[in-house]
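I have placed the structure first, in the form of C-alpha cells, so that the comments after it can refer back to it.
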Amino acid sequence: MTGRKLKVEAIASGTVIDHIPAGMGIRILNFFELTKQQDRITVGLNLKKSTGGKKDLIKVENTKFTKEQAQQLALFAQDATINVIEDYKVVEKFKVTLPEAIEEVLSCPNTNCITHDEPVSSTFYIKEQQDKVALKCHYCEKSFHQSFFKELV
Ligand SMILES: [Zn+2]
C-alpha cells in the first residue's frame with residue numbers, strides 16, 4: 001500500500017450511482033443486469049465515506065437510468081444519488097425515491113399466487129415501515145418484506 005488514493009476514472013457520459021450501502025453494489029449490478037451490457041462499468045466496493053463508514057459506487061458508461069429504474073434502485077439503496085454525466089460533467093443529480101408500486105420485475109414469494117400460473121405481470125405496492133420496506137402483491141394481497149424476493153437478495 002502506497003497510501004495514495006485510488007482515483008476512479010471519470011466517464012465521458014453515463015450514470016454514476018453514489019452512496020450505495022456497502023455490500024449492495026453487487027446486488028444492483030445483478031438486478032439491473034449491468035454486467036451483461038457492453039459498455040464499460042466501474043465499480044467501487046467498500047469505499048471510505050467522508051462521514052465515516054463504507055459505501056459502494058457504480059459508474060456505467062453511456063447508460064441513463066430511467067425514472068422507473070431509479071425508483072427500483074431505492075429498494076437496494078434508499079440514500080443513493082444518481083449523477084447523470086454528459087461531457088465529463090454532472091448535468092443532473094438526484095436522490096432515488098421509493099415508488100408507490102413496482103411492476104413486472106419481481107415475482108411473488110407466495111408460490112400459490114395466481115401470477116405464477118397466469119400470464120399477468122406482477123404488481124406490488126410499496127409500504128415503508130420504519131426503515132423497512134414491505135411489498136404487497138396486487139393479486140394475492142399478501143405483504144412481504146423485501147428480503148423474501150429472490151430478485152432483491
Ligand atoms: Zn402474489
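Placement of Cβ uses the backbone N, Cα and C atoms for every residue, glycine included.
Predicted automatically and left uncurated, TrEMBL annotations should be read as such.
Here is what TrEMBL says about this protein:
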BINDING   Cys108, Cys113, Cys137, Cys140  Zn(2+) binding site
DOMAIN    6-96  domain 'Aspartate carbamoyltransferase regulatory subunit N-terminal'
DOMAIN    102-146  domain 'Aspartate carbamoyltransferase regulatory subunit C-terminal'
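Distribution of TrEMBL features across the structure.
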residue	record	CB count, 10 Å
Cys108	Zn(2+) binding site	22
Cys113	Zn(2+) binding site	19
Cys137	Zn(2+) binding site	21
Cys140	Zn(2+) binding site	15
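A coil conformation is recorded for Cys113 (Zn(2+) binding site) in the three-state DSSP classification, outside any helix or strand. Apart from the site residues Cys108, Cys113, Cys137, Cys140, the chain places the Cβ of Pro109, Asn110, Asn112, Ile114, Thr115, Ser122, His138, Tyr139, Glu141, Lys142 no farther than 8 Å from the centroid of the site's Cβ atoms, the recorded Zn(2+) location.
Model confidence over the domain 'Aspartate carbamoyltransferase regulatory subunit C-terminal' (102-146) is summarised by a mean pLDDT of 93. Each residue in the domain 'Aspartate carbamoyltransferase regulatory subunit N-terminal' (6-96) gets a DSSP state, and the totals come to 17 helix, 37 strand, 37 coil.
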